[in-house]
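Q: One structure coming up, written as structure tokens, with questions to follow.
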Amino acid sequence: MAYGEPYYSSKPDKDFNFGSTMARRQMTPTMVTKLPKFVRNSPQAYDWIVRGLIFPTIGKTYFQRVVVITGGLEDGTYGSFAFDGKEWVGIYPIEHLNLMSSLKLIHKANALQERLRLSQEEKATLALDVQFLQHENVRLKEMIPKPEPRKIQMKWIIMGAVLTFLSLIPGGYAHSQTNNTIFTDMIAACKYSTETLTENLDLRIKLALANITISDKLDAVRQILNFAFVPRAHWLRTVFYYIHYYEMWNIFMFVLAIGTVMRSARPGTDLVTLATSHLSGFRMAVLPTIPFHTTMTLWVMNTLMVCYYFDNLLAITLAILAPILGIIFLCFMEDSNYVSQIRGLIATAVLIAGGHACLTLTGTTTSLFVVILTCRFIRMATVFIGTRFEIRDANGKVVATVPTRIKNVAFDFFQKLKQSGVRVGVNEFVVIKPGALCVIDTPEGKGTGFFSGNDIVTAAHVVGNNTFVNVCYEGLMYEAKVRYMPEKDIAFLTCPGDLHPTARLKLSKNPDYSCVTVMAYVNEDLVVSTAAAMVHGNTLSYAVRTQDGMSGAPVCDKYGRVLAVHQTNTGYTGGAVIIDPADFHPVKAPSQVELLKEEIERLKAQLNSATENATTVVTQQPSAALEQKSVSDSDVVDLVRTAMEREMKVLRDEINGILAPFLQKKKGKTKHGRGRVRRNLRKGVKLLTEEEYRELLEKGLDRETFLDLIDRIIGERSGYPDYDDEDYYDEDDDGWGMVGDDVEFDYTEVINFDQAKPIPAPRTTKQKICPEPEVESQPLDLSQKKEKQSEYEQQVVKSTKPQQLEHEQQVVKPIKPQKSEPQPYSQTYGKAPIWESYDFDWDEDDAKFILPAPHRLTKADEIVLGSKIVKLRTIIETAIKTQNYSALPEAVFELDKAAYEAGLEGFLQRVKSKNKAPEKQGPKKLQRAPEDQGAQNYHSLDAWKLLLEPPRERRCVPANFPLLGHLPINRPIFDDKKPRDDLLGLLPEPTWHAFEEYGPTTWGPQAFIKSFDKFFYAEPIDFFSEYPQLCAFADWATYREFRYLEDTRVIHITATEKNTDSTPAYPKMNYFDTEENYLEAHGWAPYIREFTRVYKGDKPEVLWYLFLKKEIIKEEKIRNSDIRQIVCADPIYTRIGACLEAHQNALMKQHTDTSVGQCGWSPMEGGFKKTMQRLVNKGNKHFIEFDWTRYDGTIPPALFKHIKEIRWNFINKDQREKYRHVHEWYVNNLLNRHVLLPSGEVTLQTRGNPSGQFSTTMDNNMVNFWLQAFEFAYFNGPDRDLWKTYDTVVYGDDRLSTTPSVPDDYEERVITMYRDIFGMWVKPGKVICRDSIVGLSFCGFTVNENLEPVPTSPEKLMASLLKPYKILPDLESLHGKLLCYQLLAAFMAEDHPFKVYVEHCLSRTAKQLRDSGLPARLTEEQLHRIWRGGPKKCDG
């Protein structure tokens, strides 16, 4: 390579010439010799990248460049390398699309060449094996002994000649005229019969002529015409003339006698049978019955045929009695021999009786011979004959299939005749995703895998014992680690980081096995097959042939959702193991004690084995080897038995499935649901609850939900089947499956709940759970030594007040929070860096590295930040000299702030980027407990107190709230994120701009301060003392309305249901993202422990975490920083509340049709119209729409506590007294909330209903109703009879009611009443009173003339579409969101701009999603079915 010439590693590299030619010219011999091992004869891309800017400099070059080479490596990966002056260093791969495409094609060509070479070698090997087998075949044929020809003895010749001569004597058979019966005078009997017939012959003839019909006359004419005109020499007559030669029995018998003497294995018996068949006159009819006989029954038949020669009737009688006597006297024989003998005797009886009938009627046995021969031919033609041979290898796998030469034409004809018929259906299309498949390559072989979630799923036998396997995707090779293998034949691999953007297959929520699809890669080709599947326990079977490489392939339904993982086949049927969501999570490892016990047992087994081996004689080794071989043979036999057992099970299931309709016992009507679980179809299922509807307004529905919705609509078109209420009711299920009438749970019971997954409480009968003796549990110390406390822990212990250590028996160690690197921009969404990011322990090294050397600064740094850099450098030098670094955080903060405002990178970020080596981003690791947990004191509800520090500067807490302290937390307090969704570029430009007054929420510290205003409007009075009569009336109305809550129960904490994908609050949120991660790490043990602690009398103070809600609101509120706050408590505290109130909440959701609370209510399927009609049916003249302001925050604490007490009075009496102190502690923490803000400040809230507690909506409903009852009595007096005509529906602060009377100045008086008495805010204009319900709104819908819902704020919906606060993942989600808006706009005017715009957008997105399975739009009929219900459920 000459100096200055471009360097090329190979001819393909020169031909493609990817990258920069200038970079190729910079290559030196040293750089060439140290090049990484790229694929031979492959191109590379050369780049000359600028490393940095040098200013000022004495030279002419301001830029420092480095050569970067990108290409495919020999290990199948794709990488980039930069030369640092000494060697090539790997960097993050640079994407060159042309290079990647070329490498993919080259890799495929190399793979095809390798396959061709291997195929040629295999072909040569197989040709050599064929030659060897041919030689072996010839040698074995020579070794086969040839049978010696049987010698013909003279005695058989003489015997055959004599019998043939006797048989061929004329008249030598039973029906010759010279033969008579011995016991019966046949001539006399026939003469008597003839005389009897000739009597009155003339009379008989006259009667016959008198009864001649027209058909008889026509038949006579036809016979005369045939006789006159049909030619005598017709070819049919010639054929029938020569056919009678088949009756030339004598010649045929002579030929059979010669053949019998020459070839028969029993010539004596066969010759006697020929002679007796001639003697009896049965002749040819005897021959087809011979295969049915044994030797004994053959001689019985010969004897009876000889008897038939002498006396016909005696022979027939004996023949009929022979099977009967044989059944009795031959019963001592074994089954097979017994059946053969009886079959021969029955054949003899049929021959003798049938032959006599034929001889008597026709004079010949030809008809009997034809019948027996036809039956044998049909039996032979319809018998199943193997159509192919299957060649298997040593493992039992089918290698090849060879068709047999014998083709049963009749069998195929009858089979095709059964299967033929008029086509009654068409095959369905199936959805496949080839991009979600990959090839798993291991040293043992190849298999197929597929992407699902964060894993690659394949069969466990494909992975084998390997810890790491190669994953081939689109020609590139990646390495993946085996994450988890459950007990099933399934393996889960960790998905490499570069493969995260690939397509994913989802698990089927509603499995449908009627049509399954198997997708796999075989020899780098995609193969697809569909078939019907049957379920056998945890496995599937289907008629699909398996080829090498298909193991681990996904078995999907017609929608492309995964049902099972393909395994292998055992012949005709393919097999797969069903995959469940629970299979993705590994079972929690056994505890340390269990591991130690297993280790002890293993050591004992080894010790016993060593003792036995020591006494074993060496000479026994050969027998051991033989035993080893016998064990291996038995394993093979067991394998074959297992395969046959599986095939027989599959065959039984298929036969039972086919015969089920015929075996079902019908007694006049169909039994619906008896003995099985099913859904109440007449009552229907709610499509959308109110919570789901509110979520629909913001996010829309995903693709799977829409497809299920459409399937539901199609299924409803035929109506719902009838059912009996008695069949649907299950006596064992009382509607509340977790708790019986007399069951109580004792939380003092010591139970091990250290499982990885939440489990339901045990289903018990009416028995009380007896607690075990209380034992003080001690932590197991496996380290056997006490570690020295860190300085941080000692400081925390010293600073802890004595009153904070309330629980002496629970020795806890303070947790040292995880210390993360300062992140000035990553968590502040573009605002100024958080102060705490810079306030860490500075030292001399930090000070030196915060500013680079002068020659490392860019020209832009000097121009924009020159003065500030000089100032900071002076501060750094002073800090190093004085060892006082207190001024550094503020100085660095100001410098980074100026850099950010000028568009430059912050200096603290530069230090992080420099010190952090480039890493290849991989999959996110699962959350787990920290290593330095100590005594795991973050489990307790008041663990936050141990971490509480003195208060600092107020930033987010208003001045009228106390500042209790500061907690270390790393959360943002700025958010100006307004995402820009590129998918919205597909939508047309809107002409209606009313949506622009809405937008996604953004905030700063002022928004947190502003959010506390929700608790203040006016101070309430002591209304219980001022208005006792009205409060008593409101209590009566509340008890009356919610009387269905009477005798509700407290449930076990492990039986509670809660959203586990929520933050676990502080301090658990430092280690776990969600409660689900916390449960996976620790199970239910902390929950039980804390409940027991409260039950015993402790009263820990719970910490709530506050954050602002990201949603679509008016831009005016965003400018005023008027953002709603949400608080959430520790999940243990929330689940304790669920123990006390979950049963009541569930009952409230079940009574939405008759009660006021509408939590769990669905406006779909006629639900909205039914609710509105319920208010109209009251017959009142007045309808009121009521809209509160700051409802949650202004609820008086006295009223909120009173409602909680009313709810508690509904609890079962025994449990009410038992858990009263737990309930009081729970309510006290609701009313006095210690709240943590993202700034680390801790304050105290004593007002309102917290928005994140377990029963927020339910409590708001009851407060709303109590206030309405108070309001009614305030204006109308406590008139209970008049109150019964009042009705209302509420959802939180939403209220729509009907009343019999309203005062004239109702709006002014009601606003004044709520302000002066309760301190609650109702703005003027928010109380609408009309004489018709039309035009009023409830839950975001306005009622139209047909009592149907119309969106109240379509401009807000349009803003959530065009100005979302969260980017949609793909185009399908955008189309699904538009379908949701089309559904919501079903009853809007056709020319409404929102509805027109949605239709226009659907036409745009539908063109891009023709193959997605989503509908282009919902039809009018579908929209009405969703809103109004099915044919038997239509409400309007």
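Just so you know, glycine gets a Cβ as well, placed from its N, Cα and C.
Below, the features straight out of Swiss-Prot:
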- 104-142: coiled coil (COILED)
- 156-176: transmembrane segment (TRANSMEM)
- 239-259: transmembrane segment (TRANSMEM)
- 286-306: transmembrane segment (TRANSMEM)
- 313-333: transmembrane segment (TRANSMEM)
- 344-364: transmembrane segment (TRANSMEM)
- H461: active site, charge relay system (ACT_SITE)
- D489: active site, charge relay system (ACT_SITE)
- S551: active site, charge relay system (ACT_SITE)
- 587-620: coiled coil (COILED)
- Y693: O-(5'-phospho-RNA)-tyrosine (MOD_RES)
- 756-828: region 'Disordered' (REGION)
- 913-934: region 'Disordered' (REGION)
- 1181-1307: domain 'RdRp catalytic' (DOMAIN)
Q: Do me a favour and check the Cα-Cα span between D489 (active site, charge relay system) and H461 (active site, charge relay system); whole Å is fine.
A: 7
Q: Around the Cβ of H461 (active site, charge relay system), how many other Cβ atoms lie within 10 Å? Please give the count over every shown protein chain.
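A: Result for H461 (active site, charge relay system): 16 other Cβ atoms within 10 Å.
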Q: Please name the residue among the active-site residues D489, S551 whose C-beta has the most neighbouring C-beta atoms within 10 angstroms.
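A: Of the active-site residues D489, S551, the highest Cβ count within 10 Å belongs to S551.
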Q: Round to a whole number and give the Cα-to-Cα distance in Å for the pair S551 (active site, charge relay system) and H461 (active site, charge relay system).
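A: Between the alpha carbons of S551 (active site, charge relay system) and H461 (active site, charge relay system) there are 8 Å.
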Q: For a three-state summary based on DSSP, what are the helix, strand and coil counts in the domain 'RdRp catalytic' (1181-1307)?
A: 62 helix, 27 strand, 38 coil
Q: Taking only the residues in the domain 'RdRp catalytic' (1181-1307), give me the average pLDDT of this model.
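A: In the predicted model, the domain 'RdRp catalytic' (1181-1307) has a mean pLDDT of 93.
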